[in-house]
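Dumping what TrEMBL says about this protein:
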ACT_SITE  C512  active site, proton donor
BINDING   R306, R342, N464, D465, R475  phosphoenolpyruvate binding site
BINDING   E441, D465  Mg(2+) binding site
DOMAIN    12-135  domain 'Phosphotransferase system enzyme I N-terminal'
DOMAIN    162-235  domain 'PEP-utilising enzyme mobile'
DOMAIN    265-550  domain 'PEP-utilising enzyme C-terminal'
REGION    582-602  region 'Disordered'
Amino acid sequence: MSSQATPTLRLSGIGASPGVAVGHAFILDRKRIRTPKLRLADAEVEPERMRMKTAIDLSDRQLAELKDQITRTEGSDHALILEAHRLMLHDPMLVDEVNRLIVEDRINAEWAVRRTARKIKHLFDNIPDEYFRERRSDVDYVADRIIRNLMGQVVDEDVEVPAEAIVVAHDLPPADAAMMARSGRVAGFVTDLGGQTSHTAIVARARETPAVVGAGRASEQISPGDLVAMDGTRGVVLVNPTEDQLALFREEQRRYLESEQLALATKDQPAVSTDGFRIRLNGNMEFLEEIPSLLAHGAEGIGLYRTEFMFLDRKTAPTEEEHYRAYKQVLEAMGGRPVTIRTLDLGGDKVPGKTKHEKEPNPAMGLRAIRYCLSNRELFRVQLRALLRASVHGNLRLMFPLICGVSELREARTELEACRTALGRAGVPVGKRFPVGIMVETPSAATIADRLAQEADFFSIGTNDLIQYSLAIDRQNREVAYLYRPLHLSVLRMLQGIVDAAKSANIPVSMCGEMAGDPLFTLVLLALGFDELSMTSGQIPVVKRLMRRVSRSEAVEMLQGAMELTTAEEIERFVRTEMDRRFSGQEGSLLSPMHDPEPEPV
């Protein structure tokens with residue numbers, strides 16, 4: 001198909017895995033089958049329950065085989081996703097509700113499964129944590145598998161993908177994503193659904209395959225064989241681009257690949273400005289499988305290790321031994337480099353095996369993170385004991401999330417020391433004392449940063465939540481997402497205050513939100529004086545090269561000029577202009593989104 005024969009379609013989504021790709025669309029059509037709706041006679045109820053049990057057992061065997069295959073080819077971390085699906089098959093929330101509908105409503109198993117899946121997904125929709133909100137797709141995956149087996153349809157696990165394909169799907173099951181990425185024939189992924197923590201995003205980053213997720217109705221708007229140009233950094237997809245647009249993407253692709261080669265050549269060089277200001281560049285991670293990519297791109301440590309995945313789709317909370325093994329593996333894999341582990345950042349509605357809490361009207365502001373841990377001390381102690389034991393195996397730093405005041409930090413540290421003492425008395429080896437810091441992600445913590453700095457060993461600023469809470473917007477809400485502006489003057493002043501408080505107390509200050517890895521903000525963060533930044537693997541070499549080509553004094557001068565302006569629109573335009581003026585060539589192509597409209601004023 002000629003790229004000029006059909007009008008060009010531009011789609012926007014979430015850049016989930018960096019890189020530029022051009023290829024022909026391969027539509028993965030895992031269409032949901034039409035669910036039969038039947039009413040049962042009394043004599044049919046018990047046979048229907050047995051039919052449901054048979055379908056679950058068959059689904060379990062299929063997933064066990066898939067898990068073994070993924071373990072052999074992709075490693076145990078991706079296989080954990082399949083194990084979570086097996087657990088979901090037997091979860092009382094699913095099984096008991098389906099059986100209840102069969103018995104009480106006298107409906108067939110297929111219909112009961114679909115109704116139950118809809119109910120469970122509704123519960124996921126109300127969870128503030130993005131990682132767990134993304135797990136609603138797992139419910140569909142498990143439900144579809146059960147229904148296909150109930151109807152005697154073959155569940156096809158093998159997908160033949162043509163070379164250099166852009167795989168387009170409504171959503172990608174984890175097994176499909178892992179197997180296709182491993183084939184080496186996939187140039188990129190585009191999905192209608194998903195976010196930064198969806199399975200597609202995680203697998204794509206681990207395999208360094210460009211991905212754009214959350215692209216609306218892409219699977220309906222793109223036809224098989226369409227020429228697709230995509231940018232996994234900016235979240236841009238062009239369908240049937242013009243010759244000029246295609247040439248631009250090809251050039252972007254060439255520059256990106258060239259920058260990747262440069263990254264390998266410079267990965268061991270420090271991120272130091274021309275006048276000697278040094279910033280440590282770390283990586284964010286969830287799965288062990290991500291570490292090789294982080295190290296290959298020059299990560300000097302782990303700035304944020306999220307532990308929430310361990311609580312995914314389980315009947316019971318992780319044991320101390322399970323926590324310990326996971327942390328030990330990561331610490332050993334990092335070979336003495338610092339690993340900052342964040343304690344549980346969830347609410348009670350997603351912690352397995354716990355008494356259900358009353359539904360909260362605003363869970364993002366409710367009982368979650370450190371608040372939940374301090375209200376459930378034994379669960380907290382299990383994680384703390386495992387961390388203390390694992391500290392023998394590497395360079396551990398511990399971080400508490402959602403700290404709003406000094407009292408919470410003191411309570412959390414008291415629990416940590418009590419666990420250390422108890423382990424010592426029991427003769428259990430623990431490592432030397434390690435730094436204990438906090439996530440600064442609420443306006444209250446930012447405002448009293450000077451007091452918190454007297455009690456914490458380091459700060460790590462979580463800009464994703466800090467900006468949301470400060471500007472009073474939900475960035476998941478498309479109606480107000482444009483208001484999410486990292487260069488809002490109030491945000492810049494808040495960041496400056498946090499950094500100044502840390503410097504006055506002589507403690508390190510880091511940033512681990514999305515702002516840290518965006519090249520547009522690199523000079524701003526250099527000027528503010530951060531000691532460390534933490535980001536995804538693909539962002540590290542770009543940020544490092546920018547820092548190595550400019551002086552901090554230049555960056556400070558630029559920031560001073562920006563902070564004399566008033567609106568976020570003015571500041572962003574000023575910063576973008578200054579960055580474009582200072583950098584050219586490879587870096588310049590990575591600074592400004594192609595064809596993006598000017599954002600709305602704030």
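Every residue number used here counts from 1 along the chain in the order it is shown.
Every residue, even glycine, has its Cβ placed from backbone N, Cα and C.
TrEMBL annotations: computationally assigned, not manually curated.
The shown structure was predicted, so the numbers you read here are calculated from the model rather than taken from an experiment.
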With every protein chain in view, how many other Cβ atoms are within 10 Å of the Cβ of D465 (phosphoenolpyruvate binding site)?
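Result for D465 (phosphoenolpyruvate binding site): 21 neighbouring Cβ atoms inside 10 Å.
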On a C-alpha basis, identify the one among R306, N464, D465 that is nearest to E441 (Mg(2+) binding site); the candidates are the binding-site residues.
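Closest by Cα distance to E441 (Mg(2+) binding site) among the binding-site residues R306, N464, D465: D465.
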To see if you understand the setup: which same-chain residues, six or more apart in sequence, place their Cβ under 8 Å from that of the residue listed as 'active site, proton donor'?
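The residue listed as 'active site, proton donor' has long-range Cβ partners N282, N284, G303, L304, T340, M439, S460, I461, G462, L533, S534, M535.
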When DSSP states are folded down to helix, strand and coil, where does D465 (phosphoenolpyruvate binding site) land?
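It is helical.
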Among the binding-site residues R306, R342, which residue has the largest number of other Cβ atoms within 10 Å of its own Cβ?
R342
Counting across all protein chains shown, how many other Cβ atoms sit within 10 Å of the Cβ of N464 (phosphoenolpyruvate binding site)?
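If we count other Cβ atoms within 10 Å of N464 (phosphoenolpyruvate binding site), we arrive at 18.
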Can you see whether DSSP assigns R306 (phosphoenolpyruvate binding site) to helix, strand or coil?
coil
Average pLDDT across the domain 'Phosphotransferase system enzyme I N-terminal' (12-135)?
84
